[in-house]
Amino acid sequence: SVSSIVPESCLLIVVGLLVGGLIKGVGEKPPILKSDIFFLFLLPPIILDAGYFLPLRPFTENLGTILIFAVVGTLWNAFFLGGLMYAVCQLSGPGLNHIGLLANLLFGSIISAVDPVAVLAVFEEIHINELLHILVFGESLLNDAVTVVLYHLFEEFASFEQVTILNIIFGFLSFLVVSMGGVLVGVIYGVIAAFTSRFTSRIRVIEPLFVFLYSYMAYLSAELFHLSGIMALIAAGVVMRPYVEANISHKSHTTIKYFLKMWSSVSETLIFIFLGVSTVAGHHYWNWTFVISTLFFCLIARVLGVLVLTWFINKFRIVKLTPKDQFIIAYGGLRGAIAFSLGYLLDYKHFGMRDMFLTAIITVIFFTVFVQGMTIRPLVDLLAVKKKQETKRSINEEIHTQFLDHLLTGIEDICGHYGHHHWKDKLNRFNEKYVKKCLIAGERSKEPQLIAFYHKMEMKQAIELVESGGIGKIPSAVSTVSMQNINPQTLPLERVLPALSKDKEEEIRKILRTNLQKTRQRLRSYNRHTLVADPYEEAWNQMLLRRQKARQLEQKMNNYLTVPVHKVDSPTMSRARIGSDPLAYEPKEDSENLPIITIDPASPQSPESVDLMSEEPKGCSGLPPSPEEDEEGLVMRVKEPSSPGTDDVFTPGTSDSPSNQRMLRCLSDPGPRPEPEEGEPFIPKGQ
């Protein structure tokens, strides 16, 4: 119940204080955490565990932000704190004015770095989301290079009689040597460890030994040349892990995992206990002004650094850091045993105020671990900060992740922007083509990433099923691949390809590879200002506009000017209707052979259904009638109504002239005609 409120690191420090007080109470001298023991035996297991199991994807995606916080933020904290403490020492009186600028800058560089041990101990208990965890933890890992450089730089400057500009320039250039040198040492030992694991198939027992041995050798080699041992360990763990896990057995993998966790947990426990014991056993010199100023300026420098750097970083980030995230990053800047050990390494000859520095460092450590470490969990709950979701990776997630990686790489290639995904794709291609063939033994070097992940998931599922005692439910709960992993069988020597020869497959691969590579190399950077205009684009636009206007005008005219057409009767029915009242028709004026038929509008047999449209084209088309049409054609003429009660529909008027009837009939069925040009009237003049 106590550990749910108080972090484990705080409880361990309290245990150390009690043990140190008990030892001192019986008259014995309590042991002190010596820097050699801390840096050579207690710190490497914690850093190796963090580097070997580092979540590589979120770390690389946020590498720029982490580097800005680790390098620029640590430099800001060191110089801001050192400068203000120098001003405090000069203004406070005779007790502190003898402390020079270099001593204050050295003290600022020691106390400014975020401690990875304290961050791991606190952040793993509150289960903060992955982004914030990797930002704070990544900063605590990578700021080691800055701390080492500044520490050795100011320590060397303290022994100089005069510091020149050239010394300062060389000092800042040494930062690149320390950081990149540590990474290079770690990469070399990581590659050697991966290459060695390729030949351990007959001696599985010593496989975990090579991982620990080469990692520790990387750390010692870096520290031997005053390089960053922490960055060497991280680089070695990140480089060796994918190749070592592909070569070693599952039992060796389990051994490495649990031994690293146990080793780092023991080291972390000993560090915090010895920190409490050393607090009781050490020599202290308390100065209220110096200690309170140090604590206050540490908090101010951290908050200002995070706010300013986040404002700059958010200009380039897609996922912005919110004010809540900034508060957690600033509040999570914990100090720990690294600062205490570096302070313990100071020489009394050059730094006579070493005891006062250690007292201020222990005060800052206790404040950050106890106050900030105990209150960060309720603050996370109060601010409703997103927490880490414990979800198992699935094949679906892996497929979509790889798909998005390829998609973003293609988008960057099309745009001509060689960004993060482009270089990541280049590195993966180089790894698949060369590195995996040299460092991974057997057929697993040619195995695709998705297939390897699938086998890993199946193995994990099968082992969990066996450990839970559900072996009887295997047919319904686990696939046959899991059973093959539990009871491995000999695989066929050659892979059978259905109806596809090796030459044909290689030819297809070559065609695809050549075309895709040509496509990638052919593309140039996209710029809307340098695009060549299409000469036919304007003409096509004008043509499309004309066609659209013509269609709209035609639809409007059809809606308003179309005359409904009567139902057409057969010729037999038409003759029958006309023959029922032959006196109603009159012959044509210009025809002597045709009979004259007069239509009586009042007759019940009035041929209302006779289609006048079928008879009119002879007069509307303007062509002379053919002999067949002259023999069969009839001209219908309306007779004057005999009585006033007749229908007015057939009454001739001014609008019943032949030209008006011809116009109406032509409008009802205009027939095929060319598309009207833009600006041309729908009805030609003169009709």
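Cβ coordinates are placed from backbone N, Cα and C, and glycine is handled just like the others.
Per TrEMBL, coiled coil is recorded for 502-529. Sequence annotations record features per position, and here TrEMBL assigns compositional bias 'Polar residues' to 652-662. For 6-380, the entry in TrEMBL reads domain 'Cation/H+ exchanger transmembrane'. The feature domain 'Sodium/hydrogen exchanger regulatory region' is assigned by TrEMBL to 477-562. Sequence annotations record features per position, and here TrEMBL assigns region 'Disordered' to 572-687. According to TrEMBL, the transmembrane segment annotation covers 6-25, 37-54, 66-89, 101-122, 134-154, 166-196, 216-239, 260-282, 288-314, 326-345, 357-380.
134-154 is the stretch from 134-154, 166-196, 216-239, 260-282, 326-345 with the greatest number of Cβ pairs below 8 Å to the transmembrane segment (66-89). If you look at the transmembrane segment (288-314) against the transmembrane segment (357-380), you find at least three C-beta pairs under 8 angstroms, all six or more positions apart, and that counts as contact. Listed by sequence, the residues of this chain that lie at least six past the ends of the transmembrane segment (166-196) yet keep a Cβ under 8 A from its Cβ atoms are 145-146, 148-149, 152-153, 157, 160, 210-211, 214-215, 217-218, 221-222, 225-240, 243-244, 247, 438-439. Listed as Cβ neighbours of the transmembrane segment (216-239) (distance under 8 Å, sequence separation of 6 or more from its ends, same chain) are residues 39-40, 43-44, 47-48, 50-54, 56, 116, 141-142, 144-145, 148, 152, 177-179, 181-191, 193-194.
Summed and averaged per residue, pLDDT over the domain 'Sodium/hydrogen exchanger regulatory region' (477-562) gives 62. Simply put, out of 6-25, 101-122, 357-380, 101-122 has the most Cβ pairs sitting under 8 Å from the transmembrane segment (37-54). Beyond its flanks by at least six residues, the transmembrane segment (101-122) meets 7-9, 43, 46-47, 50, 74, 77-83, 85-86, 89, 136-137, 139-141, 143-144, 146-147, 150-151, 154-155, 157-158, 163, 230, 268, 271-272, 294, 298, 301, 332-339, 342-343, 346, 351, 353, 357, 360-361, 364-365, 368-369, 373, 376 of its own chain at Cβ-Cβ distances under 8 Å. Remote same-chain partners of the transmembrane segment (6-25), defined as residues 6 or more beyond its termini with a Cβ less than 8 Å from a stretch Cβ, comprise 118, 121-122, 125, 268-269, 272-281, 366, 369-370, 373-374.
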